[in-house]
Amino acid sequence: HNAKAPNLKQAFHRMAQMEPNLDHDVSWLLLPSYWAKMVVALISFLCFANSYDGDFVFDDSEAIINNKDLRAETPLGDLWYHDFWGSKLSSNTSHKSYRPLTVLTFRINYLFAGGFYPVGFHVINIILHCTISVLMVDVFSILLGGLQFSSKGRRLNLAPKSSLLAALLFAVHPVHTECVAGIVGRADLLCALFFLLSFLGYCKAFRENKEGHTFSVFWVLVSVVLGAIAMLCKEQGITILGLNAVFDALVINKINLLELIRKLLYKDKALENAGLLRKGLLFRITLLMCGGASILYIRWRIMGTGPPAFTEVDNPASFADSLFVRAINYNYYYSLNAWLLLCPWWLCFDWSMGCIPLIKSVSDWRIIALAALWFCLIGLICQALCSEDSHKRRILTLGLGFLIIPFLPASNLFFRVGFVVAERVIYLPSIGYCILFTYGFSLLSKQAKKKKILAAAVLGILLINVMRCALRSSQWRSEEQLFRSALSVCPLNAKVHYNVGKNLADKGNQSAAIKYYREAVRLNPKYVHAMNNLGNILKERNELHEAEELLSLAVQIQPDFAAAWMNLGIVQNSLRRFEEAEQSYWTAIKHRKKYPDCYYNLGRLYADLNRHIDALNAWRNATVLKPEHSLAWNNMIILLDNTGNLAQAEAVGREALELIPNDHSLMFSLANVLGKSQKYKESEALFLKAIKANPNAASYHGNLAVLYHRWGNLDLAKKHYEVSLKLDPMAPGTKENYNLLRRKLEQLQKKGG
């Protein structure tokens, strides 16, 4: 299945002589290919090395820690039917982000590390970025210097200086920090790796083989397969097939797009000589199109339902009623992405929720950014189409192609996306930026009299970017640093304030957390998650009425918000409005069928109302849904113990300890039951085991002392009473029991005396 095209063979051998060498005017370091790749690898490693021991941050929690697809008990086959976050693709709540190969690498990380240890995850990300940066040397040598092979079939690097500069620009670009230092960025890294391998594989298709065939169908098909693998890592990967077609037309067939458009418009009979109908090109493009269509069809079949449902806060422009407002804001978002490539100084983990206010009229000064973007793009497109210099046309078209085509899935043009601006989605488009930057540098070098000053300026940009990468990587090491770094970049972003508040609350600083949660709600009065978390803290501080107001508002805004319904029930229970609390709990369970914590709280409500059977049933439901729910098990044991059902309490306690053998609170509860059943030896063993696990629990020592007291082992009873009182001098009942024991010991001493 190899096609012969002698005219292409001659074109390859003439390429170097026909086109000017980009390196001729570039004042830059010339290194052998091996050393160039070593330098790129080393510098890309230095940029992000300090992120290797960072924590799991931001989206890592949902994609990794809470993702059941990483655990051994989840069948591997489930990965092909679940989204990136572990939800079923067929679910209406799924984000439809289908990246099974990325999740598979997370699973391998988890299995090799033996748990959720972030170092291994971070190291793989750093290695991937270094590998991609090294591959960029080869990719840029083709994009900037053209494709030519030696007589022995080895590909020649016709632009070693330019390709090294472009690869260094890519390796040290600060906008890549999110992909490298954030573990969920693995999707972009794996996608980029197979994206580049697909491109290099496509280029390999044009190496002449022993039979004299000038292109190989095998390598074209390999390129399609690698493109499919790239898409299984992240959706952008499919765009490589379009770029391969553009490369084929411009570099292999040297088609002049403007000339082709003219001939198509005027129905020129010489169209077959324009290159489009040359032998092989249409066949290869047909293969790429069929491959792409097949991949997309399979992806659509697996997805099962329509596009994901995003909310207005995720992407406010896409919900605007006016087409004009949508178009203006989409273009403004494009200009912001372009600015992040040009000047990656203001970086933020999240650009949603008011970070970028909507442009609603042409009087908004930000319209200037749109005008500047399109002025530059139109200028570049005109040069790419109309320039008489074929070398310039090729490089500019490829640069624009690599800048724009990989960005199309994130552009809102074909479907709504769940973000406003996301630094991770410009990992691949930055290839086009590096091509355009390097070509611009070569043009300036050609005109400049003092080329060394220009080279020093570019070196300065590289050094600044290296330092910016190192600084930004350090911010991604922990959630506290990451979230706080965003306050100065996006002070209007409610999610930034929410995340800072959540981080403070997790550390126990409730007063500071309240401040940030209140600001999040002020910035976005419909931010139900901020209301829920703020309501929780106020509930714990016994500010029940304000907590109830916030939680009631949250469920009014989002009626299916199960967590807010449950928390509202807890508040209503505390306010002794039991009927309302019960209704809130059942509403929560209605919206989230498998909700063990809600069943646990419902059980507590029934226990307060002395509805013991209902309480036991609710707690049993909690343990069925979550077998390791220690609190539900404990409450069952205690309730059965308190109501005199010792045999049943013992059975439940033993069942619980089989499931959670190292839970000291369960040991303690079962030991109490066994002590009352006069199974002193077994009770003692459990008390001692619980104390070994938690030696500073006064109640453990106090109840063991009571056991010894009943058992008649008075010296040990005295010892543990004293330890209990030392740990908690105000322990209820312990002091009275200790005094009783002392009086008994004194009486025994008198009798003995």
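In case you wondered, yes, glycine gets a Cβ from its N, Cα and C as well.
Taken from TrEMBL as is:
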TRANSMEM  34-52  transmembrane segment
TRANSMEM  126-146  transmembrane segment
TRANSMEM  183-203  transmembrane segment
TRANSMEM  215-232  transmembrane segment
TRANSMEM  238-261  transmembrane segment
TRANSMEM  281-300  transmembrane segment
DOMAIN    306-378  domain 'DUF1736'
TRANSMEM  367-386  transmembrane segment
TRANSMEM  398-419  transmembrane segment
TRANSMEM  425-444  transmembrane segment
TRANSMEM  453-471  transmembrane segment
REPEAT    494-527  repeat 'TPR'
REPEAT    528-561  repeat 'TPR'
REPEAT    596-629  repeat 'TPR'
REPEAT    698-731  repeat 'TPR'
Stretch with greatest number of CB pairs under 8 Å, the transmembrane segment (425-444) reference, 183-203, 215-232, 367-386 candidates:
183-203
Taken over the repeat 'TPR' (528-561), the model's mean pLDDT:
95
Determine which residues of the chain contact the transmembrane segment (215-232) at the Cβ level, with the cut-off under 8 Å and only residues 6 or more beyond its ends counted.
1-3, 5, 8, 98-101, 190-195, 197-199, 201-202, 204-207, 209, 238, 240-241, 244, 280, 284, 287-288, 291-292, 295, 299
Chain residues outside the repeat 'TPR' (596-629) and at least six past its termini with a C-beta under 8 angstroms from it:
562, 566, 569-570, 573, 578, 581-582, 585-586, 588-589, 635-636, 639-640, 643, 656, 659-660
From the DSSP assignment alone, can you count helix, strand and coil residues within the repeat 'TPR' (698-731)?
28 helix, 0 strand, 6 coil
Looking only at the repeat 'TPR' (528-561), what are its DSSP counts of helix, strand and coil residues?
27 helix, 0 strand, 7 coil
What stretch, picked from 126-146, 183-203, 281-300, 398-419, has the most CB pairs under 8 A with the transmembrane segment (238-261)?
281-300
